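Engineer: Sharing the features that Swiss-Prot gives for it:
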type     : residues                     : note
SIGNAL   : 1-31                         : signal peptide
BINDING  : 518, 520, 525, 691, 692, 739 : L-glutamate binding site
TRANSMEM : 564-584                      : transmembrane segment
TOPO_DOM : 585-636                      : topological domain 'Cytoplasmic'
TRANSMEM : 637-657                      : transmembrane segment
TRANSMEM : 821-841                      : transmembrane segment
TOPO_DOM : 842-919                      : topological domain 'Cytoplasmic'
């Protein structure tokens, strides 16, 4: 809501309030008394300041004077007051003073503030039915029978709920609650019960009793790394705590303090504005209202003119919450009395126990009142008289001072403004012009000493990927830094006692602000420190020396073809030979005269016996020949397809054999983590107290558990750093388990090392910050910006690309499998099917001619021929008898041509001739 609108609303409110008051006042102005008396009982302490008027007493007078000057509220009536002072915790004196004021005829009693005195005065007011106005927190029992009081201080249950909502918004996973006295445990019940309902761990501590020295407690919390602390104490104690925390070095950006006092705005926080500390509190004073600002300004002017106070840590002239509550209380009583003008006030005596007859009526007017005062909206619970509906401003310390960052109300809960969401507590400007301590560890190529002919100092001593990353972050966020090497040279691991070492410990102890190194993000480290988003993703792999060449075995000539191919070739050989044998017996064109010079022979023979068929296939496979030549078309198809098949197989075998003979086969004894776990000959390990070691130590996978058992059983398996592990991998039979990025860098520069297998896991490198550091989010945003601009990839290429090892070719020849030459088997099968079809055609055609010539039935001829062909042992058979023949030279020549004599046989001289004889 804008300021002009608030001012207009205030003016309208004052106008209607005046009309409302006049409406009550005008009809019965004659019945209004000329004087209304109220009573105030205030405590004072012994010592030199005993007579100094406190803020509540001043506010009591200030409020009455404002009402008397503003005749709109009580036009014909003067508000007078009676002030009594008592010692702290003197309930007897408080009772006596209350009775004295009741005898004067007061319409209400204000105060006192302390518990025992308040209870004493409240019991008297309850007995005589006179309203008692309370201004401090007070524990009220559940079975509350005291009806004659109202309390303007916000209800403690609602305040505790506001603190819990703020803690949840800040996403605190742990916090420390520090209370001043036992009443603090009652006030913070809602928060203390939070661990049973929310995921938050609370530690409860108490401030020293009867002492303002909180340094021992602060020291203990600092040593315990308790950075999120909720203080339930008075504003006076809060000022002392802040001053002592500054002396203890706890006013830094890593700490976040929440104070439950509603007077945090009144403290002098000038010394802490630029400390970076996260300081959050609550405020009920409605300073956004112009009317309230005007009243507060008048108050400040009067306070500055009063005698100076000895109390330190407060701003001069500031209106405290108690004073604002008392101001509102006096106005509420005055307005309510104005609404009940027919009431009369008599002198009341405590010893008579005679109640004020208008007390109940007046008390109801007060409980039903609704007022917009200095502390905002004032509404009372009609049963308990407590203030349960109010608005709390959430205030936070910035470099410009305290700023309102949100509002909380019982109805709407916590509402953080957009400005606060964008800025947060000291985050936006927290890195600008700040000098940060950066811890790191030497690790190539992330952080290395720069090689130079001259002596280097400071940050110039270092170079590497992380150094370039740090420069880019500093350029984007505008901070300076100092690089320091971690003392023990370790990344950070937790021992059995829960103690950390390495860079993680330096972040926990706040010796460093950032850890910029190849620091792996793990859930164990996340419990101790905060991480940015990863700037590099990687995984664990195996570094091992390259294997030496192996001597070929005696049967290495079988390597060019895979075992499957050898088996299929053998089956093809057997199949083709058998099919050739069967088709040769069925095809009539494979039966011919055993002696071409004797065409009159009654028998024919077939050279493709079972053994000859196998011999023909073997000769073709060996590309040597067998002197067996198929004559029929079907058998020639088989022969041609088989020759084509052997051509492809032999050519492929010869080509791949040359590759196997010329390439030195490189075989590694291990190919994966499973191979490592199954053997004990090769020793393996990781860097001690590193993330890789922690991964195997915490893993629940059986293979990795077995590997960790091996590493933990041998002290020599774990190395101090990567350099030692790399050296062992080169000189001994040792495998180093390390991050893949480092392996990639090492193998680029050492050609004798290689990565074995793939990644065992997946993780990332992040920048570490202390728990609760406000720098983390800004660094994460900067890393994402570098990633989008591809600068992270450019930096990696710069530091990882080596000039040593050339790109390795895949020198290992692979055996030919069915995927590469399987087609030739399909062609062979198709050829066999075709030859069978042709053989069937030949068989049917020839037998039909024979049946006609012999004047037999076709079926009987086929049956006889099949019966003979199935007799596999016989290689000769009787020739079908033609008709009577006569010897003529023409017939002899024709017969010789049709019988297709073997090559060389045609030149043989024959002395006989046949001539057909026709009957």
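Glycine is treated like the rest: Cβ placed from N, Cα and C.
Owing to the predicted nature of the structure, the values given are computational and were not obtained by experimental measurement.
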Engineer: Please report, as numbers and ranges, the same-chain residues at least 6 past the borders of the transmembrane segment (564-584) whose CB is under 8 Å from any CB of it.
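Structural biologist: Apart from its flanks, the transmembrane segment (564-584) reaches 558, 590, 606, 608-610, 613-614, 616-618, 621, 630, 632, 634-635, 638-639, 642, 645, 649, 815-818, 821, 825, 828, 832, 835-836, 839, 872.
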Engineer: Applying the rule Cβ within 8 Å of the centroid of the Cβ atoms of 518, 520, 525, 691, 692, 739, what extra residues of the same chain belong around the L-glutamate site?
Structural biologist: 491, 519, 521, 522, 690, 694, 695, 763, 765
Engineer: Specify the count of other C-beta atoms within 10 Å of the C-beta of residue 692 (L-glutamate binding site).
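Structural biologist: Total other Cβ atoms inside 10 Å, all chains included: 22.
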Engineer: Check the topological domain 'Cytoplasmic' (842-919) for me and report the mean pLDDT.
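Structural biologist: That region's mean pLDDT is 52.
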Engineer: Widest Cα span across the L-glutamate binders 518, 520, 525, 691, 692, 739, in Å?
Structural biologist: 17
Engineer: Using Cβ-Cβ distances, find the residues under 8 Å from residue 525 (L-glutamate binding site) that belong to the same chain and are at least 6 apart in sequence, listing them in sequence order.
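Structural biologist: When sequence neighbours closer than 6 are ignored, residue 525 (L-glutamate binding site) has 492, 504, 519, 531, 768 within Cβ distance under 8 Å.
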Engineer: Taking the Cβ of residue 518 (L-glutamate binding site) as centre, how many other Cβ atoms lie within 10 Å?
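Structural biologist: Taking all protein chains shown, residue 518 (L-glutamate binding site) has 26 Cβ neighbours within 10 Å.
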Engineer: Measuring CB to CB from residue 520 (L-glutamate binding site), give everything in the same chain under 8 Å that is also at least six residues away in sequence.
Structural biologist: 491, 690, 691, 692, 739, 763, 764, 765, 766
